[in-house]
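Features as listed in Swiss-Prot:
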type	residues	note
BINDING	Thr5, Phe6, His10, Pro11, Gly12, His13, Asp88	ATP binding site
Amino acid sequence: MATGTFDIIHPGHITFLREAKKLGDELIVIVAREKNVRHKPKPVVPEEQRRRVVEAIKYVDKAILGDEDDMFRPIMELKPDVIVLGHDQHFDEDWLKEELRKRNLNCEVVRIRVKEDCPLCSSHKIIERILEKYGGR
């Protein structure tokens, strides 16, 4: 299982999902609800559209929207063997492991360290580039 906002898909997202897929037989991705994105600006792309795009990526078996009230609800329902975090995701691994343990979920938490190196491997950088090129028109 992997999670993320996945706003404006870029090569970094693809690398993350490819590496996550290597860790199990099936990759289910939880796409963050707009309401729950707090650590960065709200997504540009609507949540259902982000979910559909993520699900279309060949490494992803299924993409679902997260729960608006309890981020652990889909995890409790799906009971994954592994939860994969990206190199830049804002989760404290120890906190996440402890919260999973409290809920009697025995799943491994793995942080993917592989990072795609490209000029626009960030949704924020893509937005900045668009504004530079077209913002004044």
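Using the three backbone atoms N, Cα and C, a Cβ is placed for every residue, glycine included.
Here the features listed in Swiss-Prot are painted onto the structure.
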residue : record           : Cβ within 10 Å
Thr5    : ATP binding site : 22
Phe6    : ATP binding site : 25
His10   : ATP binding site : 17
Pro11   : ATP binding site : 13
Gly12   : ATP binding site : 21
His13   : ATP binding site : 23
Asp88   : ATP binding site : 13
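Secondary structure at His13 (ATP binding site), taken from DSSP and collapsed to helix, strand or coil, is helix. Excluding Thr5, Phe6, His10, Pro11, Gly12, His13, Asp88 themselves, the residues of that chain whose CB lies within 8 A of the CB mean position for the ATP site are, in sequence, Gly4, Ile8, Ile9, Ile14, Phe16, Gly86, Cys121, Ser122, Ser123.
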